[in-house]
Amino acid sequence: MHTNSTIELSLSALKKNLSFLKRTFGREVRISSVVKGNAYGHGIREFVRMASRCGIDHFSVFDSNEARKVREVAGKNTEIMIMGFVENESLAWAVANDVSFFVFEKDRLQKAVRVAKKLGKKACIHVEVETGMNRTGFDLREIPGVIRYIQKEKDHLQLKGLCTHYAGAESVANYYRVTEQIKVFKKVHSLFIKEGLRPEIRHTACSAAAMVYPETRMDMVRIGIMQYGLWPSPETFVSLLNRRKAKTDPLRRVIAWKSKVMSIKKIRAGDFIGYGTHFMAKQKMKIAVVPIGYSHGYSRSLSNQGRVLIHGHRCVVVGSVGMNMMIVDVSVITDLKKGDEVVMIGAQEQDDMTVASFSDYSDQLNYELLARLSRDIPRKIVD
Ligand SMILES: *Cc1c(COP(=O)(O)O)cnc(C)c1O
């Protein structure tokens, strides 16, 4: 186990985020908690436990491997939905364990039926519609065939849902494309209804769509980034502020990432610090070594740019981020000791290091930085 750093997960922050989301979407809209990518780096098992304690009983994952992890820790009545990849070998496991999955190809539909027949149990499916993202989903012209097939095999299939995914609801630049997608989705839904096949639920929205396009909420929303207390984009946050009287952020970041000073050194003016010539000291400096590097998820693109909090000061990363270590400028801190706290993400004294401020320096999205956090870092649930 890695002992160089710790990830803390705040239960009260999660509670606050979920209650804001519930209040915004209303009682009729169910929330599916999206926990793909190791729960956006938070740690899938720990996060599912926390969310379950907050009343979440529906989780969305990308693949069967993640679904198994959720199954291990979630309660019996919790629903699990695979939005992406299920290898043929895991289809039977999914059907046997009441795990539902997206179908977006005829082949997947036929395999689901074959497995269901073999197990004598219906496969729970969500028909994914291609509405304009051009990634996965049935095209409009395939829909009549899909409807006929599901009707023919209704003893082996349970049509849990009809769904789609929007191609960039977090940016107003995609407004036209997203509104066209909504139209296509509604058209496909009415085709199903006309043929007498009613999906149990319709779900299309991720965080951004659910906030910016209320009509996409339908019966259920699939919420990832916002439950973790982060916005899909600055634009999404601004669009909320424009509609609200209170100009404060209703979300609280769930994650904090902390380490400790490993060693301290004094440097003479003119010396290079770290590998090669990435950083030369212009004057006398004091530096601290932090046992965190890109193998733990602190991106190398933060070399000479990243900031961490030590004694409440923002200290700059100097030189290149190594595999296991990085060096920060602590010249302003007079009473620094080995073992003092270093905050990569989170609050310290009066200051706060957000995931966004960390990514602004490197053009990486919140999503990517979080997902890169190493699985080996211990996760601790706090308050
Ligand atoms: C990741 C994902 C979501 C959640 O997106 P957020 O922007 O994190 O809310 C929803 N639906 C699908 C299909 C996804 O892959």
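Every residue gets a Cβ built from N, Cα and C, even glycine.
Predicted automatically and left uncurated, TrEMBL annotations should be read as such.
Over in TrEMBL, the protein carries these features:
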| type | residues | note |
| --- | --- | --- |
| ACT_SITE | K36 | active site, proton acceptor |
| ACT_SITE | Y275 | active site, proton acceptor |
| BINDING | R135, M323 | substrate binding site |
| DOMAIN | 254-382 | domain 'Alanine racemase C-terminal' |
| MOD_RES | K36 | N6-(pyridoxal phosphate)lysine |
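Each of the recorded positions K36, R135 was scored by the number of other CB atoms within 10 A of its CB, and the lowest score belongs to R135. Among the recorded positions R135, Y275, M323, not one has its Cα within 10 Å of the Cα of K36 (active site, proton acceptor). Looking only at the domain 'Alanine racemase C-terminal' (254-382), the predicted model's pLDDT averages out at 93. Counting residues of the domain 'Alanine racemase C-terminal' (254-382) by DSSP class, helix then strand then coil, yields 18 helix, 48 strand, 63 coil. The two recorded residues, M323 (substrate binding site) and Y275 (active site, proton acceptor), have Cα atoms 12 Å apart.
The two recorded residues, R135 (substrate binding site) and Y275 (active site, proton acceptor), have Cα atoms 42 Å apart.
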